[in-house]
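Visitor: The structure is given below, and queries will be raised subsequently.
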C-alpha cells in the first residue's frame, strides 16, 4: 500500500493551509492549491498565506500551485473547501484523479438541497475516488502553530484510514483512525449548529449555567440524531462528536460561536464575515431529523431564527416553555 509521500491540499484558506503544514511536518511533499494565481504567487514569494492564515510561515515541504492537476496527481488529496462547494470542486477533480485515490473531506456540513453528507457528495461527483473524512476539535491557528491537536480520520476501509493517518501524524498532530464515516460526519455537522446556539446564549448574556445546559442538551440532540443514522456511540462521545462540540461551543475563536454571538447581541443574522458552516447546515439537519422522527429542539430553534420564523428571544422562550420530561 502507498506510503502517501505526496499529499495534495485543495483549498488555501486557513484550514487548508494548516493541514498543508501538518502534512509537510510529517515529511510529506505537499501541493497546496488555490484557484487564484495571484494568491499562489504571493504564497510562493512570501512563504506565508497572508490572505488565509497570516503570520504563519509555510513549511518548506509546501509548494503552492494554481494547477489543480498537480494536487490531483498526489497519492492522497485533502479537500478543504466549504461544504456547499464540495460537489463542484469534487467534479473538477474527478477527471484528474487516479482511480482509488483517497479524497478526504475536511469540511463539516451537510449539502443544502440534497441533505447529503460530504462523503456522499464526493462519491457522486468523483466516483473513482475513495471518500474519507477528517474531523475533530481543531482550530486552524492552533494546528498551524504546531500546538498539540488530536482528530479522527475515517474511511470505509479501516486499513486505508490507518495507513493515511500514520502518514499525516506527527508529534503535535495525532490522528485516530475509524471506519465509522457517518458518525464522524454527523458530529462535525451537528456541532456547528449547536455552536451557533451557544454563541446566542453568550450574546444574550444568559449566564454560564445556561451555557452549560445548552451544551449538555445539545449533545443529547447530537446523540439522538447519530443513533438514528447508524453512528457508533463511541464515535459520538469521541473527538469528532463531543470533543468538537466542546471546542466549537466554547468561545469566539470558533466561527460558528462568533456568528451566534453576533446574532445574540444584535438580534440580526450576521451578513458577510467569516464562513459559519452551521448557518448553511441547520435547515438540512433539522429536515433530516424530522424525517427520522428525531427531536432536536435546539437545532430547530437555531433554524427558525436563521430563517426569520422566530426572533432570538422568541426561540429562547419557546425552548424554556417546553413540557417537563425525564432527562434522556
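Yeah, the Cβs are placed from backbone N, Cα and C, and that goes for glycine too.
Okay, these came from Swiss-Prot:
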ACT_SITE  191  active site, proton acceptor
BINDING   15, 35, 108, 140, 255, 275, 277  NADPH binding site
BINDING   108, 136, 138, 191, 244, 254, 255, 256  sn-glycerol 3-phosphate binding site
Visitor: Same chain, not part of 108, 136, 138, 191, 244, 254, 255, 256: whose C-beta falls within 8 angstroms of the C-beta centre of the sn-glycerol 3-phosphate site? Give them in sequence order.
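Guide: Filtered neighbour residues, in order: 137, 188, 192, 195, 247, 248.
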Visitor: Quick one: Cα separation, residue 255 (NADPH binding site) versus residue 191 (active site, proton acceptor), in Å?
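Guide: Counting only the Cα atoms, the answer is 12 Å.
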Visitor: Counting only other Cβ atoms and using a 10 Å cut-off, which of the binding-site residues 244, 277 scores lowest?
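Guide: Comparing Cβ neighbours within 10 Å for the binding-site residues 244, 277, 277 has the fewest.
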Visitor: Which of the binding-site residues listed here (15, 35, 108, 140) have a Cα atom within 10 Å of the Cα of residue 256 (sn-glycerol 3-phosphate binding site)?
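Guide: Candidates kept after distance check: none.
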Visitor: Which has the fewest other CB atoms in a 10 Å radius around its CB: 191, 255, the listed recorded positions?
Guide: 255
Visitor: According to DSSP, collapsed to three classes, what secondary structure does residue 244 (sn-glycerol 3-phosphate binding site) have?
Guide: helix
Visitor: Report, as a single number, how many Cβ atoms besides its own are within 10 Å of the Cβ of residue 140 (NADPH binding site).
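Guide: Residue 140 (NADPH binding site) is surrounded by 21 other Cβ atoms within 10 Å.
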Visitor: Residue 275 (NADPH binding site) has how many other Cβ neighbours within 10 Å of its own Cβ?
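Guide: There are 16 of them.
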